[in-house]
Amino acid sequence: MGLSTDRFVGGDVSQIGRGASARESSSFKDLEEKILSQFSPYISAAASQASSLGASAPGKSARSVRSRDDAGSPASSAREASATGCAGNLGSCFPNRLRERDFLPSHLHGAPTKRSTKLALEMFQNMQVYDSQNYEPSDSKVDRSAALNLPRSHYYWSNVYRWLLALAIGVTMGLVTFCMLNIMNLLITARTGTTERLVRAGNTPGAIAFFVCLAGVLGLAATLPVALLNPIAGGSGIAEMKVYLNGIHVPGLLRLSTFATKAFSLCCSIPSGMVLGTAGPYVHLGAIVGGGLGSLGSNQFKFKLNKGHVDFQSKFAHRSFVTIGIAAGIATIFTAPIGGVLIAFEDCGSFYLGSTKMFWQCFLATCSGVFVNQLLNLTLEHGDITFFDTTKDHRAFGLYTDLEAMYSNVYKFSWWEVISFAVMGVVAGLAGSLFVYLHMVVHKTRWRWFGVPWKRVIEALAVAVVTAGVAMAITSLSPCSPLPDNIADYPMTRNTTVAAPGSGQNATEVPRNPNFNRLWCPEGSYSSFGTLFLNPAGISLKEVTHLGETVDSQDQFSTVALVAYMLFIYIGLILTYGSAVSGGTMVPLLAAGSCYGRLCAKAMKQILLSMGQESAANGLSYSTYAVIGAASLQSGASRMTMSIAVLVLETFGALELTIPLMITIFFAKAVGDLTGTGLYDAYIALKGVPYLPEDEISYEQKMISEKLDVQEVMTSNLVCLPPVPTIGQVVQVLKTCKHNAFPVLESEGEEEEEGDRGAAGAGFPERNMLGYIFREQLLNMLDKGIGFLEDGETHYDLSDSHEEVLALVEDMKVIPVKRDAGGQAEVIGSLSMEEVGLRIDLRPFMQLDPCIISSTANVAKAYRLFQKMGLSHLYVAPPGPRPIIGVITRKDLTFENCQLQLGERASYEMSRAASLSSGGLSRRKASSSFRLGSEESGEEKGVREPQGGGQRTRGIPQRRRSE
């Protein structure tokens, strides 16, 4: 029989900070010893086998299996465990040569080791702060009554509004991206341009001081609002969005204040020179825009524009619009409409969200966002654009326009190079896993040392200053390389008039190109390090990948420069990401990967030359290797596959590299999965989030879930409510337990002093379940006086007015805000003593027909139901035969069959209404008795007309207190 997961929690969970180790809890070690002691038979079996292996002769095979019957008595097993040091220490029972099949039967394979047990216990400590979202469609009597009276026009215009909202989300993200990118570009240009002018004027100390001090000012501005006001706005937000779309509520994630904080922090962190990218935060920004526009309102600022369209307020609809916003956000920043859609579905969603129709709506949003952003950029850049001009923009990671680059001539490869690309993927997978491991070590250390907000400010400020100082130090040591002889043939080269040294006369014209920074170098040369280190990763990525490709001059950067910049980005990103600023990892990883790819191209060229293959060596494309290296390192760290491949194809214009990219990414992800966890999944695991990945994503998950029954993992300590409890009973239940939903059981005619607990020993409610109601619904009813019954009333009946019922449905919606502990105390504290003695009718507002599964069902089946249907609770019924009244097949759910059934109901109700009308009743009153959609009368379904004495018909409740 399963018990609550609370048995795995020790200490005060409120003291566990975000990302902090659960081991800091004072009672954690006692809990660990208690849990490990429960595994004593398992430990003893392992100890016995370990002892026999340790005493075996050197030539004896370690694969000899000792059966459970040979393990001896429990006492002897305990002695063996004590002798081998295994008692209370599960890990010491697993020498490297001992495998679980040596001492466990196959039906127990997958039992935890000491390390996995401790990790699970730490996870449960942090898991207590998270609540589940319920994406199941609302199915209360109030919702049914409202839906039954909605006309065809409502559904038609709701469908139209969804398409218009998808378009609006895309256009809004296009505007947001245009404004933010131009603000960042202005700050970057001012910072690098002023530094170069000071250097050329001979004021080196002033240039260094300006560069470093401005980095500190921008870094401080980026971290203050995040560390002190809105910590959820820090980082990229991708892990948080994966969690939200998986069905977990993250407080404050989608607020407008979070949008403002994240946008401001990002506009300061990128120009400061910190090793961060812009892509990840745009996932979060797009989600906030999508959720806000989709809801047509804001709960934080108390306004709503969605009157009459309650379906837009459902959690499922809100999740759909958030997904559309994610796609639009990543598409506009990368100018990649297809890649944006794939990232939203593959990387942020743990399973396929919604339907093909929502996929189309995502694509509409991404295309409209990219179009608006490009149109505004063209207008700003050229100014004289007309309606009939051709496009002049270039790709997100393209240094030149498509007409100048001629990508079909640049991206080329020979079929033998596929082998080298696969090897690159293997190395990138190892490098990605190493990156994740080192970063998680740094992140855990960060939360131990810099957990206080003001310390996080100091840390981010120090990172910004040190990063700028290191960049300037490396740049000052850069060797001066001569400008290419064909510099005049490079795009963006302009002739500049320069006076002769020591004289204001005999001025000459010299070619200048913004991609070749001169800095301390004499005229006619450039600083190869300065070209990379003084710019953000997104600009340097373009130069590493594309500089020189239009003039067939590929070797613009020395091996030393590429190695130095790759390590600078790799190490800098490990230390910077996760600090209290907004920024992502995608662009820096692509930049480091492009350097890795160029280095591989240089190495391959030397190998071919040593083999005498000069023609093959000269035919290598450095840009090809740079693009493949960028995609492979990103995939090795984040585990992105198809989405990163399509994103690279769009942003680099590398359509010719489709096959090499997929092969390299496959090897990078495979090796990465074998050697570690992806970056965002590591963050989710560290925070202890009850995340449910795709059921087939892990063979271990599938193996364990197929070996367990539902009754072994379920929680049996249910807290239930009667259909019409007193308000005092509801308050007592809310205050004494942390459950997020409560089953409603049929009444036996007697009052319960507290919430009805599950039957002792059996683990199941004593009476039949009528439905269930959420904590947030109860708080909303208490707050607004909904469902209250005066003395003598037995039912809370709904009004005949459709408008009033619809307003009641809107009043019950609390999307997307959830009540926190402070809100609950405020609501309960506002109740008067007279109100506490009243009764409250839960029947019209509880969720009817909950999803129920047999206790003997397979856990794998429950997992699929829970995840695919977006449930927050799956209730368990006793085993054994039960009565059935019918069956539904695929044919019964077809549109045609449902339409015919509705026609049959319409014929019956219209004929019934005509007969009642001929008997003296009005058509309106007769038809209103069928508003719950049953062939039975309204009284038979429990929806009665007011008859005085016991019931009263109501619509919108009077607000109990002002808002």
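Note: Cβ is positioned from N, Cα and C throughout, glycine not excepted.
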Per TrEMBL, the range holding transmembrane segment, considering 282-301, 482-501, 602-621, 722-741: 282-301
Tertiary contacts of the transmembrane segment (413-437) (same chain, 6+ residues out, Cβ under 8 Å): 570, 573-574, 589, 593, 596-597, 600, 604, 616, 619-621, 624-625, 628-629, 632-638, 657, 659-660, 663-672, 674-679, 682
Positions on the same chain near the transmembrane segment (208-232), where near means CB under 8 A and six or more residues out: 18, 187, 191, 194-195, 198, 240, 250-253, 257-258, 261-262, 264-266, 268-269, 271-274, 453-454, 456-457, 460-461, 463-465, 467-469, 471-472, 476, 534, 579-582
Any contact, the transmembrane segment (321-345) to the transmembrane segment (557-577), with at least 3 Cβ pairs under 8 A: no
Helix, strand and coil residues within the domain 'CBS' (846-894) as assigned by DSSP: 13 helix, 9 strand, 27 coil
Model confidence over the domain 'CBS' (846-894) (mean pLDDT, whole number): 79
